[in-house]
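Engineer: TrEMBL lists 63-83, 95-117, 186-209, 236-262, 268-291, 298-316, 322-345, 405-428 with the feature transmembrane segment.
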Amino acid sequence: GVPHLITSVAIGISLQIFLLDVVKMEAFYVSMILFVSRALDAVTDPLVGYLVSRSNWTPIGKLTPWMVISTPFGILSYLLLWFVPRGSMSVSVLWFLTAACLFESLMTCYNVPYLSLNMFLGGDQRDRDSATAYRMSVEMVAMLLASVIQGQVVAVYNTEKQEACQDHETPQSTSSPQTASFQQTAFLTSAMIMGALFFLCSLILFLGVKEKQDKVRPSYLSSLKMLTCHVPYQRLVLGFVFSTFAFQMSLGNFALFCSHAAGLGAQFQHLLLVLLVSASVAVPVWQIILLRIGKKSTVFIGLSLFIPAVIIVACVPSNLLVFMSMCVLMGFSVATIFLLPWSMLPDVVDDFAVRHPSCKDLEPLFFSCYAFCSKLTGGLSAGLSTMTLQFVGYEAGACNHGDRVATALIVLFSPVPITLLLIGMVFFHFYPINERQITSTSHYDSNTLKFENLPHCYSQEKKNSVKSVCSNVSNRSFGNGSRHKADRLIVSPRCHEQSPHQCSGWAKLGINVPENHCESASNRSHVRAKVSWV
């Protein structure tokens, strides 16, 4: 998870400043580059998710080849994104637009298979939640590292800009060629460090993760239709979209807000460091809380912390102590949007598998559509923010900006994100899945049949050619009212040959058979079982 996070943080913190003030590109072209690249990236997410699910197995797996092939090209395109070509401005616009679109597309080919691996780690809901918490903790550390690196680069840029402005009496300052070259070298050096980390983490992933083979392939359009019609997925995605939109709108303008609205450009890296350190600390804290009170309640508590924090910062932006204190609160809220929606998504996938047991192998599509929404909001926030700055008269490279720019940055930092966040919380309120109820239904006595997962034993299509486990059970154990339900439980003959360990792995689609059911066929005839449909 580190490569995607460090590059996303670097682009979010520095690319806008790099294009506006180092490359000296007009705000309109910067807005176009950011929006088009993010929009293309968002559109490719569901497509890549489906292509991943349709991929054939190779000696190194089904998902791994996507990550292995995209890694070297992704690193190269990321380096090109921070290299300033020689020539006219139209050449620069075309260069950065191409590099940004290429990089975002390649990162989609890397990140969508990686996110899909979460559903193939094995274990139950609690195990996946724990794995998600560990993954998010590592990603928060990666964000912290990237913020330190990019914060130093931005600090060098701010220092050079202040010195250049002090040497000129006019408010509009043009940096010397030596200063511009130094700034470009600083950004490119940080990009090379990020590329090295990218390669190292991809190598660890390739050597350390082994895949398990899956099965079926529904059509793309039918899969999309079923996903979009699944109510828990709809509400989770909409809540995630508006909440992510709010955070990206606020934090995407964080650097410009510190420099031009708060007058704390020299302290930007320290403020960002405090925010991300608190977010890293908050991830395990929120994991403990969600285990006690549930994910839905934890989402509301965490997201609510963001609202008073940005209000106070917008009211007293120049007070460093207050700003730093509110960054701690904002960091705890940022950790919520990083951990909770990704922890809730596997619950939605499990719910979908129970409702549609014949539809499997859709995990990449679930996660890719989720990532699609996140990236779409990122592109919208970057494009709308830059267009707003263009409208209020932001001038690239200027030492001082008018009150209209400062007011616009305050609005983009506080009121607009708060409105979006409240809309997202409304959708989270109507999110229907309660993982505590799911957990409470998972504990039955040892003689109870429960539908949880049936990897090799379930078949809807072969009802006439396979045997039912329930056919060996006395008809009196079901009663007249539930006999038709028992007939719907279809188990292939291979179940009779499975070991107790194999039968105990029936987890996704709904059958939990005790060990004595799998030891011998003769024992089954004496079992009086109840059938419970989830």
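Every residue gets a Cβ built from N, Cα and C, even glycine.
Could you give the neighbours, burial and distances for every feature on this list?
Structural biologist: Proximity of distant same-chain residues to the transmembrane segment (186-209), defined by a Cβ-Cβ separation under 8 Å and at least 6 residues beyond the stretch ends, is recorded for 2-3, 6-7, 10, 14, 18, 22, 60, 64, 67-68, 71-72, 74-75, 78-79, 81-83, 110, 114, 117, 145-146, 149-150, 152-153, 156-157.
Tertiary neighbourhood of the transmembrane segment (236-262): same-chain residues 12-14, 16-17, 154, 158, 268, 271-272, 299, 303, 306, 310, 313, 317-318, 323, 334, 337, 341, 344-345, 348, 369-370, 373-374, 376-378, 380-382, 384-385, 389, 401, 405-406, 409-410, 412-414, 416-421, 423-428, 431, selected by CB-CB distance under 8 Å and a gap of 6+ residues from either end.
Sequence-remote contacts of a segment are chain residues at least 6 beyond its ends whose Cβ falls under 8 Å from one of its Cβ atoms, and for the transmembrane segment (298-316) they are 239, 243, 246-247, 250, 262, 282, 286, 289-290, 322-323, 326-327, 329-330, 332-337, 340-341, 344, 410, 413-415, 417-418, 421-422, 424-425, 428-429.
Long-range Cβ contacts of the transmembrane segment (405-428) within its own chain (Cβ-Cβ under 8 Å, at least 6 residues beyond either end) map to 235-236, 238-247, 249-250, 253-254, 256-257, 260-261, 296, 299-300, 303-304, 306-307, 310-311, 313-314, 317, 385, 388-389, 391-394.
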Engineer: Counting Cβ pairs under 8 Å that sit 6 or more residues apart, are there three or more between the transmembrane segment (95-117) and the transmembrane segment (268-291)?
Structural biologist: no
Engineer: Against which stretches of its own chain does the transmembrane segment (268-291) lie, if we need a Cβ under 8 Å and a gap of at least six residues from its ends?
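Structural biologist: Apart from its flanks, the transmembrane segment (268-291) reaches 13, 129-130, 133, 136-137, 140-141, 143-144, 147-148, 151-152, 154-155, 158, 254-255, 258-259, 298, 301-302, 323-324, 327-332, 334-336, 338-340, 343.
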